[in-house]
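Trainee: For reference, Swiss-Prot lists these features for the protein:
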- 1-19: compositional bias 'Polar residues' (COMPBIAS)
- 368-446: domain 'ACT-like 1' (DOMAIN)
- 468-539: domain 'ACT-like 2' (DOMAIN)
- LYS86: N6-(pyridoxal phosphate)lysine (MOD_RES)
- 1-21: region 'Disordered' (REGION)
Amino acid sequence: MSNISTPRISGLTEYTSQPDKSHYDSIESHFLLPDGTPDYLKLILTSKVYDVCNETPVTPAVNLSSKLGANIFLKREDLQPVFSFKLRGAYNMMAHLPQETRWKGVIACSAGNHAQGVAYSAKHLNIPATIVMPVVTPAIKYKNVDRLGAKVVLHGNDFDAAKAECNRLSEKHGLTNIPLFDNPYVIAGQGTIGVELLRQIDVESLKAIFVCIGGGGLIAGVGAYIKRIAPQVKIIGVETYDANAMRQSLQKGERITLSEVGLFADGAAVKILGEETFRLCQQVVDEIVLVSTDEICAAIKDVFTETRSIVEPAGALSVAGLVKYVESHPEIDHSASGYTAILSGANMDFDRLRFVSERAKLGEGSEVFIVATIPEKPGSFGKLIDLVHPRAVTEFSYRYSNGELEKSDGKAHVYISFSVDNAKAEVPRILDDFKGAGFDAIDISHNEFPKSHPRYLVGANQPVTNERVFRFEFPERPGALVKFLHGVKSKWNITLFHYRNQGSDIAKVLAGISVPSHESDQFQQFLDNLEYPYAEETDNVVYKLFSQGD
């Protein structure tokens, strides 16, 4: 019988909207340091995680090691029973609950790996568990939790609403709230990964451990142990450019709250860090590396090449950061260095693989996108292809621009992508070759607009009066698209529209809207009230070329 109940919920950004302010009341005095803070060395070494968790192996990354000229290892947390490290922290906290509170049950707010970790732990410990998720949570996620025996409550339109309901149910029924990351026992559970690493890898050669950062529980736990036992080993965190709460917080010396977070690496999409995790990270984190979506996709491919396993975007963050770190520091002799990346999880949505495959080549620098303007006359296409040859062309799109066909002054805009061995080294030479042939060319490999909506632009009509173009990100839930269209249709004409689902909780929409200049303020108010992330692309060079014929 199903344990799913469904009142109502929105976006799937998992974060602590109201940081847990509980301190160390549940920690026994002999596990506290003289200053009253937890002794994480003791907490980690006495952790109870191995009742349910595996000591995961370390896999040598042979191909990456050869490519980067270093000794690379992958810590395989994707091989845990719930395919994520989250089981360690959830189980350790729940295993330390006193018997008099266990019978009441536990509760958590999560639609991701933490939910499965709590549900799995509760089943093993015979503790009733309730998991609160947003109403728009994909069925595959809540059904997995339901299958593990937890009661699933779907509530609210976003994680703020779901968390508020979680807190309400916790207080009403006396349920123990199992936080995502901000609890000493959760942190200590994650820290057992550090214990294993120092047993599995030669400490003398281990130079750095790369760890993905969401709320900070994993890096805080691993760092707390490593810095006590092998302080010379660097702890390097990895975040995305659009979800970098730790980087900004460490720079400012206090926790900051992000107004928006990127959702591709949704397992690490956190707006505000935990209080305790941030306190620890200030002490143990040596450096933060920021990576892009394309670099994460390339890292997923790298992991697949090494292991034939597919990790989720957040699970590949550490590898993306490791690769970027090594490539960004040519002054370091990496040949004698051992670097380890923790693969944090493998709960990948299958539908995302198409997107990952498309972007991986860009991320690893083996494919480039170029827009070229060539004369509209016989022989131009052939000349263009000769410049690219012998590289393999992966996509070729064309749009006639200005001038009349029977005249010789017409121009064609060409969108072309092709394979390269090393984008950084080859692209400048390629652009010089194009220029020498009399072709204007622009590298758009790092321009998000054409990467998300390129095919739609080719063949567009002439410029539209007062047209403004925007990229929107919509939560994949009933009513999101309707809300947008209803808000626009009564006021302004939609001149262009392209929707694309990436196989995740978020869909990308490209929209052109005719907005007279005297209505700009009213339109801005509409955008603000919409409450969806957006970026204006009206001045984007690719839009101008393909849609306006400039």
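Every residue gets a Cβ built from N, Cα and C, even glycine.
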Trainee: For the residue listed as 'N6-(pyridoxal phosphate)lysine', what residues in its own chain, 6 or more apart in sequence, show a Cβ-Cβ distance under 8 Å?
Mentor: GLY112, ASN113, HIS114, GLN116, GLY117, GLY345
Trainee: Would you list the DSSP helix, strand and coil counts for the residues of the domain 'ACT-like 1' (368-446)?
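Mentor: Breakdown, helix to coil: 23 helix, 29 strand, 27 coil.
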Trainee: Taking only the residues in the domain 'ACT-like 2' (468-539), give me the average pLDDT of this model.
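Mentor: Computed over the domain 'ACT-like 2' (468-539), the mean pLDDT is 77 on the 0 to 100 scale.
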